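Each remark here refers to the structure printed beneath this line.
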Amino acid sequence: MRLLERMRKEWFMIGIVLAIAGAKLEPSIGVNGGPLKPEITVSYIAVATIFFNSGLSLNTEELTSALVHIKLHLFIQIFTLAFFPAAVWLFLQLLSITPINEWLLKGLQTVGCMPPPVSSAVILTKAVGGNEAAAIFNSAFGSFLGIVVTPLLLLLFLGSSSSVPFTSIFSQLFMTVVVPLIIGQIVRRYIKDWLERKQPPFGAVSSSVLLMIIYTTFCDTFSNPSIDLDKFSLLLVLFIICSIQLSFMLLTFIFSTRNNSGFTPADTVAVMFCSTHKSLTLGIPMLKIVFAGHEYLSLISVPLLIYHPVQILLGSVLVPTIKSWMVSRQKGVKLMRPTV
């Protein structure tokens, strides 16, 4: 299963490149009013499909065992949905005096506002041998929180597009995100045994729909001749993203390993991944809703598209090192326990 998951993520990254390349070659297909009719198929049907799929695949029964660890959950949720966006905002005040494209900088802020992902943080925590139950709970709970908190953060730090008022944003979010998610959970209750027996490819379905959203977003970009993707800015954004991830992983490591933290080494692993990873699956559809009709939507989306593969690659590279640290710490704790 781990090999299949890794292959799926590699193909998804290739799919992102192909989707952007396809949009560059023939942008007229995916623009608003084009043959794909993204103003309907993407804005409503595709987004609703992703969240119905999430509701159908989310095993809420597995989360009950992790509910009692309130301190751990508070740390992760406050870090990822409060400290992270605030710290990025302060950092961007310094970067605003540089020649980096301002819309890419705004995109970096949107990354900070995103909730944790449902998949990558859990997979990496499991690969290390960390607290998988806590990772599952916080990824799922963070996704639920993100439905409300992320749009509010985006509106707070960036504002919405002038064509979409505040009430319309939340009514569309409710109809295309909350309702499908609830329906998915209700349907799951009735077909739970069949789902566990057949294990449908939920990840592949969401990835395919997400690629369609990415494709149509970039069709809008490449059909607008006034928008220019600055290569220098892109390289700087890539370096900034790597620096942010490594710095925040180190910061969460330091805080969660203090003597009075109350966290085990396995908890620390979950904290490091869940607090610093951001959801592309939830993020792109939300940006599509909050910034509907915005001519720079694709540029705003670019940092999140970069952040997604970088968090997986960096996490995978660090797995052996983190695992070695966790095992050594656990052995140390066992040796310190008095024998009876």
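Keep in mind that glycine also has a Cβ here, set from the backbone N, Cα and C atoms.
TrEMBL does not curate its annotations; it predicts them automatically.
Quick look at what TrEMBL annotates:
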TRANSMEM  41-60  transmembrane segment
TRANSMEM  72-92  transmembrane segment
TRANSMEM  135-158  transmembrane segment
TRANSMEM  170-191  transmembrane segment
TRANSMEM  203-222  transmembrane segment
TRANSMEM  234-255  transmembrane segment
TRANSMEM  296-319  transmembrane segment
**Study point:** Interface check, the transmembrane segment (296-319) with the transmembrane segment (203-222), three or more C-beta pairs under 8 A
**Key:** yes
**Study point:** Contact set, same chain, for the transmembrane segment (170-191): CB under 8 Å, 6 or more residues outside the stretch
**Key:** 43-44, 47-49, 51-58, 60, 144, 147, 151, 285-286, 289, 292
**Study point:** Close approaches to the transmembrane segment (72-92) from elsewhere in its chain (Cβ under 8 angstroms; 6 or more beyond its ends)
**Key:** 66, 105, 108-109, 111-113, 115-116, 131, 134, 137-138, 141-142, 145-146, 149-150, 153, 157, 244, 248, 252, 255-256, 263, 267, 270-271, 274-276, 278
**Study point:** Contact ranking winner - 41-60, 135-158, 234-255 against the transmembrane segment (203-222), Cβ under 8 Å
**Key:** 41-60
